[in-house]
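Below is one structure; the comments refer to it alone.
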Amino acid sequence: MPQIILLFSGKRKSGKDFLTTHLQKLLGDKCEVLKISQPIKSHWAKEKNLNLNELLGDGEYKEQYRLDMINWSDEMRLQDYGYFCRIACQDATEKPIWIVSDIRRKTDIRWFKEKYGDQIRTIRIVADEDTRKKRGFQFKSGVDDVASECNLDDYTDWDLVIDNSEGKQEVEEQLSSILGLLSGL
Ligand SMILES: Nc1ncnc2c1ncn2[C@@H]1O[C@H](COP(=O)(O)OP(=O)(O)OP(=O)(O)O)[C@@H](O)[C@H]1O
């Protein structure tokens, strides 16, 4: 059972993978990175004979399949909102800190709260649109205007908001604010 679970959310190309990878390097053996999208991508890779590592990476490959994966996973969530959260946690190893790098829905937060209560900390990564575009964002209808991208836009109860726009915070500063959420550990 982890002592603290950091739930990261942010829009496409806001820097979720970037920051959680840096954090993982800093925390080393004390942490485990979980991705809610992992079981979705595993299923998709098996079903369609695709390269799972490419699907999990931050390259262009996954973008070709994003829409289909969103639609399939939404159908699964309708039947059971915790379905993918549960699998991601089942597959995780015993570490004091879990980093969940891709929270996308209020129901994801709800599931973690119901299961782990006070152990969770929520972090929203934001970046302005120009920055996101420079980092590869291109608006896509059916992807950027649906729940998987927008459901947490009006959520305000974050423990920490990090501005990852170009020219704002240095990564060291961002990481130290995240470490502040781990005090008492
Ligand atoms: N602070 C930063 N400085 C420099 N490059 C950054 C920074 N943040 C993110 N990037 C780069 O921007 C790109 C997009 O970031 P990243 O893949 O982390 O976004 P994401 O939120 O995980 O996106 P997606 O939702 O598409 O998976 C990556 O190439 C990443 O290396």
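Here the Cβ of each residue, glycine as well, is placed from N, Cα and C on the backbone.
All annotation found in TrEMBL is predicted automatically rather than curated by experts.
Quick caveat, the model's predicted, so the values are computed rather than measured.
Record note: TrEMBL gives LYS11, ARG12, LYS13, SER14, GLY15, LYS16, ASP17, ARG135 as ATP-binding, and the candidate from GLN38, GLN119, GLN174 in that site is GLN174. With a cut-off of 6 Å between Cβ and the nearest atom of ligand 1, the binding-site residues LYS13, ASP17, ASN164, GLN174 reduce to LYS13, ASP17, ASN164. Other Cβ atoms within 10 Å of the Cβ of LYS11 (ATP binding site) number 20 in total over all chains. Note: LYS13 (ATP binding site) has non-local neighbours ALA127, ARG132, LYS133, ARG135, GLY136, PHE137, i.e. same-chain residues 6+ apart with C-beta under 8 A of its own C-beta.
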